[in-house]
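Trainee: Below: one structure in structure tokens.
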Amino acid sequence: NLVQFSYLIQCANTGKRASYHYADYGCYCGAGGSGTPVDELDRCCKIHDNCYGQAEKMGCYPKLTMYNYYCGTQSPTCDNKTGCQRYVCACDLEAAKCFARSPYNNKNYNIDTSKRCK
């Protein structure tokens, strides 16, 4: 679910950037999404949005699905055997790892999406 996703983000980036920094970034980080991603980090969000879309097609509710994960010393891992929990955790885990390895550009935070996301 979205709360667990927030924790996975913190785990993957070892607390270097608070999760809320990703809630209004570029064209895809946060609610909705359109146009061309502005950078690598925004592409992570587009991929995550698409992953959630696939989860919904499978009959899952990704924003609400609770799953099991472990925040280890190397990186977070998912601990779910089957179904929606496994799929949604994988979506969130891949996005969190993608966020951690992608540069954050302050100029792409809280942009005018009506102009830059066509």
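The backbone N, Cα and C atoms fix where each Cβ goes, glycine too.
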Trainee: Return the residue out of Asp39, Asp49 that Swiss-Prot annotates for the same Ca(2+) site as Tyr28, Gly30, Gly32.
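Mentor: Site partner of Tyr28, Gly30, Gly32 for Ca(2+), according to Swiss-Prot: Asp49.
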Trainee: Quick one: Swiss-Prot says Cys78 makes a disulfide with which of Cys71, Cys84, Cys89?
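Mentor: Looking through Cys71, Cys84, Cys89, the record in Swiss-Prot gives Cys89 as the partner of Cys78.
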Trainee: Pick from Cys27, Cys44, Cys45: the cysteine that Swiss-Prot pairs with Cys29 in a disulfide bond.
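Mentor: Cross-referencing Swiss-Prot, the cysteine bonded to Cys29 turns out to be Cys45.
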Trainee: Taking 8 Å from the centroid of the Cβ atoms of Tyr28, Gly30, Gly32, Asp49 as the cut-off, which other residues in that chain fall inside it around the Ca(2+) site?
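Mentor: Nearby residues not in the site list: Cys27, Cys29, Ala31, Gly33, Cys45, Lys46.
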Trainee: Would you kindly give the Cα-Cα distance separating Asp49 (Ca(2+) binding site) and Cys84 (disulfide bond), rounded to the nearest Å?
Mentor: 16
